[in-house]
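Peer 1: Quick one: the structure is below, questions incoming.
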Amino acid sequence: MKTDIHSQKILILDFGSQYTQLIARRVREAHVFCELHPFDMEMAAIRAFNPSGIILSGGPKSVYEPGAPAVAEELFELGVPVLGICYGMQLMSRHFGGEVVPAGKREFGHAELLCSGQPGQLFDGFFVGGASPVWMSHGDHVSRVPDGFQVVAYTENAPVCAIQDVSRNLYGVQFHPEVNHTPRGDQLIDTFVRAICGCTGHWTPGQIIEDAVTRIQEQVGSERVILGLSGGVDSSVAAALIHRAIGDQLTCVFVDNGLLRLEEGDQVMRTFAENLGVKVIRVNAEERFLSALAGESDPEKKRKIIGSLFVEIFDEESNRIEDARWLAQGTIYPDVIESAGAKTGKAHNIKSHHNVGGLPEYMKLKLLEPLRELFKDEVRAIGEELGLPHQMVWRHPFPGPGLAVRILGEVKKEYADILRRADAIFIEELYSSDHYHKISQAFAVFLPVKSVGVMGDGRTYEYVVALRAVETKDFMTASWYPLPYEDMARISARIINEVKGVNRVVYDISSKPPATIEWE
């Protein structure tokens, strides 16, 4: 009997925390499906969602301020377990008659959590060895606990850091269990969703593939699908998944826009057309893209130009494919969340997404997005399960607009050729020195400025290439990767000696924030 992987699910209500997506990822790591929605989700929609449990996120506001974000009173009457995190705990406390006030001493960063008595099921194993390290980020605290609630934990600066009313299945923590700085936080979330909410863990790569294949077959029927294949992880996994579901009904369009990595086009064709037997049409559109980008320096406008031209080319190709009724995309869940936030005004859209932009009315193509429920790590796991090459599945993220947003300012063919060669050397050296898989993302950036140099007996005046490598768990924050000096020196020497037009290499040591990972 086929398992319904959505039958057990957790609802996460977002109050504006920078960590909310991490909550969802921790729940998924427990092999339980969840969705993230704004805090003001209507009760009718919540009842229709029928959650096995609810998590209230943190947030930047104070619960005692006029107009502070809140939930409907009926939420706590649904009879399902509720876990409040930071602001969520304070909201729950205030709702049930407790008191929340500004803290005499705010807590931001590491803290030692101490147990106040009997920890109970949620905290089983959390205090092994005494104090448990946690991550705090709050300026308010609960000064009076509501009737029926027990204080479970405290810190040196905050007397109430975890509360519970076991009889009503209500739990609250002042710290952030979703972040890596709380080492046992994933264990706490796992306990909540599985032991307390009763979810048994159907959300696994094999089950997700089986469910997606069925849904694609039901959605598409006998109609044909066209997919824009970029060679990146998301579109590659989407192509493999759809091909498993409908076989030759899928035609992939691989647009070589002249802004891809070195030999990427040939690699894509080998993997999909030759090894997997997927129908792939290769479109050489380098001149069209470079012509459209000529003279444009604004990064957001470059993204829009590239996105619009991709849609235009897909439209042309779909008209050549008989009965093409669907356009498939590799949209993933973080894209959906961020784009939805941009529409509602409840999140700040830092960069426009290449995939989630909607389709022009005239295209008359229906949209197929089989990965839209998945985070990147889940997409990779599915890619491996589908048999895609390990190197393709675990390749570092590559932006939809390609090298266009790694060339600062105007995009020119000369710049793209220089950049792709420099980038290839950088990545090759990271592999050979065993750094690649320790780094979350690495790439070269072309700087359209020249500097004076000396080669042999002659003076040079050539371009600068910047190298960027970062470590991150979630891509919301990132630290620059401390590449050893000897490796930096070797990479720099190779680029300067092997890439004509470059006489200087610099290494980016900026973290996110304040810098973003990509330069544009």
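Here the Cβ of each residue, glycine as well, is placed from N, Cα and C on the backbone.
Okay, these came from Swiss-Prot:
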- 9-202: domain 'Glutamine amidotransferase type-1' (DOMAIN)
- C86: active site, nucleophile (ACT_SITE)
- H176: active site (ACT_SITE)
- E178: active site (ACT_SITE)
- 203-395: domain 'GMPS ATP-PPase' (DOMAIN)
- S230, G231, G232, V233, D234, S235, S236: ATP binding site (BINDING)
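Looking at the shown structure, can you explain where the listed features end up?
Peer 2: Sequence-distant contacts of C86 (active site, nucleophile), defined as residues of its own chain at least six apart whose C-beta falls under 8 angstroms from its C-beta, comprise S17, S57, G58, G59, S137, H138, V173, Q174, F175, H176.
Taking the Cβ of H176 (active site) as centre and 10 Å as the limit, one finds 24 other Cβ atoms among all the protein chains shown.
Within its own chain, E178 (active site) has Y19, L22, I23, R25, R26, I85, G185, I189 as residues 6 or more apart in sequence whose C-beta sits under 8 angstroms from its own.
A helical conformation is recorded for D234 (ATP binding site) in the three-state DSSP classification.
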Peer 1: Would you mind checking how many other C-beta atoms are within 10 angstroms of the C-beta on S230 (ATP binding site)?
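Peer 2: Summing over all protein chains shown, S230 (ATP binding site) has 25 other Cβ atoms within 10 Å.
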Peer 1: Least buried of the binding-site residues S235, S236, going by other Cβ atoms within 10 Å?
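Peer 2: Comparing Cβ neighbour counts within 10 Å for the binding-site residues S235, S236 gives S235.
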Peer 1: List the residues in the vicinity of the ATP site, defined as same-chain residues other than S230, G231, G232, V233, D234, S235, S236 with C-beta within 8 angstroms of the site's C-beta centre.
Peer 2: L229, V237, A238, G330, F398
Peer 1: Looking only at the domain 'Glutamine amidotransferase type-1' (9-202), what is the model's average confidence as pLDDT?
Peer 2: 91
